[in-house]
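Asker: Per TrEMBL, the feature Zn(2+) binding site maps to H128, H280, H284. What TrEMBL lists as transmembrane segment is 75-96, 108-130, 142-163, 175-197, 209-231, 243-260, 318-339.
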Amino acid sequence: MTAILERISTLSVSGQQLRRLPKLLEEGFPKMPGTVKESDVPQLFREPYIQAGYRPTGQHWRYYFFSLFQKHNEVVNVWTHLLAALAVLLRFNVFAEAEELTLEVQSLPLFLFVLSSVTYLTCSLLAHLLQSKSEMFHYTFYFVDYVGVSVYQYGSALAHFYYSSDQAWYDKFWLFFLPAAAFCGWLSCAGCCYAKYRYRRPYPVMRKVCQVIPAGLAFILDISPVAHRVVMCHLEGCEETAAWYHTFQILFFLVSAYFFSCPVPEKYFPGSCDIVGHAHQIFHAFLAICTLSQQEAIFLDYKNRQDIFRRRHGPLSVILSCGSFFGLVACSAVTAHLLQRRIRVELAKKES
């Protein structure tokens, strides 16, 4: 009986400690300013129909990093892509160990695809985590985000081209697909950066046009090898697992594109979706699921279609096209930097 009472006493102490845990964690973090309403932040930081949950500008960098654990209107955007980036890396590690993957010519596009996926997710989460610091950093981090998107687009194009395309599509488009994909990736970055630089809130329709049309062209081109294969597979009664993952990838992307373009549901419930549930968060969630489905499909294609890869591609062509990946990164980064410099000049004039 004494032993039982001692055990119950221990559980009681543990329960009290658990109840105190949230307070102990809160005391362990630096004192955090509360969030503010849209009227308390500059126009640049306001989002349509989002009325509260904004972080004040001009705080110490520590505040914005620790806001990862604070309730505000960007925190879901940050966590969706943070968790997705970790999932991509963990799944790649499992696959690499199972397949005894090494860095060689045949696996180069696969490594670049994973790198591009982690890059865009990381750039995105940093943009949403840190953009509230100031107007200059708002532009800077979103420009970095757009570079990440262009990198992911071309990384996807490489993987689709080398591992996922069927022969009928390949015979028609192999010559110009990758150069066109690289150009569209850069154009997507340039269009998004220019739209951010050129237009001010409240944004006109032309801003979405500058963003959506180049990005849409890049998606249509990059997904074309997969889309052709998916259609042909389903017409023949698809039983291929990879094709089903590619199908889900396309569907999830289309859903995410809808929420990127339309402020739903916050348009119909202004002020009710400030912290959780607004369109950009839903866009992030579906895009993350799209990337994970895409990764699974590409892993299966890499594993099951190695003979097709060897028959089509020589080492030199693979190395050159993978080298162009870093050329795209450089061109996109330079474009973003040039527009960032123009923003810096304009903000300096505004302050003076």
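Positions of Cβ are set from backbone N, Cα and C atoms, glycine also.
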Asker: Give me the long-range Cβ neighbours of H280 (Zn(2+) binding site): same chain, 6+ apart, Cβ under 8 Å, in sequence order.
Answerer: E47, N77, F259, F260
Asker: Pairs of Cβ atoms less than 8 Å apart decide it: which stretch in 75-96, 209-231, 243-260 has the most with the transmembrane segment (142-163)?
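Answerer: Most contacts with the transmembrane segment (142-163): 209-231.
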Asker: Enter the number of other CB atoms within 10 angstroms of the CB of H284 (Zn(2+) binding site).
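Answerer: Neighbour count, Cβ to Cβ under the 10 Å cut-off: 24.
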Asker: Looking only at residues six or more beyond either end of the transmembrane segment (75-96), which have a C-beta under 8 A from one in the stretch?
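Answerer: Cβ under 8 Å, 6 or more out: 67-68, 114, 117-118, 121-122, 124-125, 128-129, 275-276, 280-281, 284-285, 288, 291-292, 295-296, 299.
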Asker: Determine which recorded stretch among 108-130, 209-231, 318-339 has the most C-beta pairs below 8 angstroms with the transmembrane segment (175-197).
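Answerer: Per the Cβ count, the answer is 209-231.
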Asker: What parts of the chain pack near the transmembrane segment (318-339), using Cβ distances under 8 Å and only residues at least 6 beyond its ends?
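Answerer: For the transmembrane segment (318-339), the sequence-distant neighbours (Cβ-Cβ under 8 Å, at least 6 residues beyond its ends) are 105-106, 108-109, 112, 116, 143-144, 146-147, 150-151, 154-155, 158, 161-162, 178, 182, 185-186, 189-190, 193-194, 196-197.
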Asker: So what sits near H128 (Zn(2+) binding site) in its own chain, CB-to-CB under 8 Å and at least six residues off in sequence?
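Answerer: Same-chain residues close to H128 (Zn(2+) binding site) (Cβ under 8 Å, separated by 6 or more) are E74, N77, V78, H81.
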Asker: Quick check: which same-chain residues outside H128, H280, H284 lie with their CB within 8 A of the centre of the Zn(2+) site CB atoms?
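Answerer: Not counting the recorded site residues, we get E74, V76, N77, V78, T80, H81, S124, Q281, F283.
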